[in-house]
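Worksheet for the structure shown next.
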Amino acid sequence: MVSDLLNTRKTGWDTNRVNAWIHHEDVDKVLSIKICPGAEKDLLGWHYTKEGIYTVKSAYWLATHLPSEQQIRSTPGANDLKAQVWRINTAPKLKHFLWKLLSGALATKANLVYRHMSNQPLCCYCCSNVETTCHLFFDCVMAQAVWRGSGFPLASLTDPNISLEEKIKAIMTCNTSTRFSHLRHFPLWILWRLWISRNILCFQRRSTSWRKIIRQARDDAQEWQDQERHTEDMRGSRAHTPSETRSESRWEPPNQHWIKCNYDGTYSNGRISQAGWVIRNDRGTYLGAGQAKGNQTRNVVESEFQALIMAMQHCWIKGYNRQENGGQGLQRVNSHGVDVGTTSLQIF
Ligand SMILES: [Zn+2]
């Protein structure tokens, strides 16, 4: 311990001990370190970070830089393919899922048996083959039915002679390929839905048909694509908004003794539009909020109007019956077509 090298009053080094216990090359370096008068107990330090605090990153560095006989085994799967996973355009949960799939880290029956956590290796779907990752997602009769039924134009996915990594690589290539731009999210969501329905079957004893898996995956992919397009439109709108206009998005208080209701509506093609609103007074104090599901709308403007009506009804019920539309939102919708930015009402 460091404290054993200090003098009895703990105000400096005990040079005899330092000379006796420390390698002679390091003695001068140790003696040049000043002793802090307020120093307390010795603490264990981790020498692979500047702060002396353990981090997983530094431990990984250490594990991969140890002499070869002590090196840890890297996780299964091609590292370059796993690195590509983080660069594909999809939901973060799918990236994480795909990385686990490629690393052999999904809790498939075969992996659980390998880790002595189970003695049941058979696939939940067909009950006749070991549930390896490749079997579950590509070789099982259920997976084959899903891939064939999806109409996805890659015969390699159902070819048992092609490796798991090659199949995943093909799916990831589709994600960036312009040739399959309309389908680029679909196969990733099929993998996800196969895994979810497998878990429902294993743990809840409820089966999902291959048609339903395809339908759910298609809905997921469509929703993700709509959301992506919407985000791009929003970014485009902001990029073209002059800075003085953008400053309007900061909340401004209403006139004295009035309250302000900020409202907003969601728009997603083919889905029910939802609305939310928050009421504050002229000092910015929160007075209440609400949210509601409305009808399906045909465009952003309809969603905004529906949100406005629901917010007005809510305010009316609460006894605020003199209302004035702030107008900012409508102006923004008209100029950019898709922006569903915050709109506001002034109420008395
Ligand atoms: Zn199976």
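For all residues, glycine too, the Cβ spot is worked out from N, Cα and C.
Since the structure is predicted, the reported quantities are computational estimates derived from the model, not experimental observations.
Look at TrEMBL and you will find 54-147 tagged as domain 'Reverse transcriptase zinc-binding'. Summarising the annotation, TrEMBL assigns compositional bias 'Basic and acidic residues' to 221-251. As annotated by TrEMBL, region 'Disordered' applies to 221-253. The domain 'RNase H type-1' annotation in TrEMBL covers 262-322.
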*asked:* Using DSSP, what is the helix/strand/coil residue split across the domain 'RNase H type-1' (262-322)?
replied: 18 helix, 25 strand, 18 coil
*If you average the pLDDT over the domain 'RNase H type-1' (262-322), what number do you get?*
84
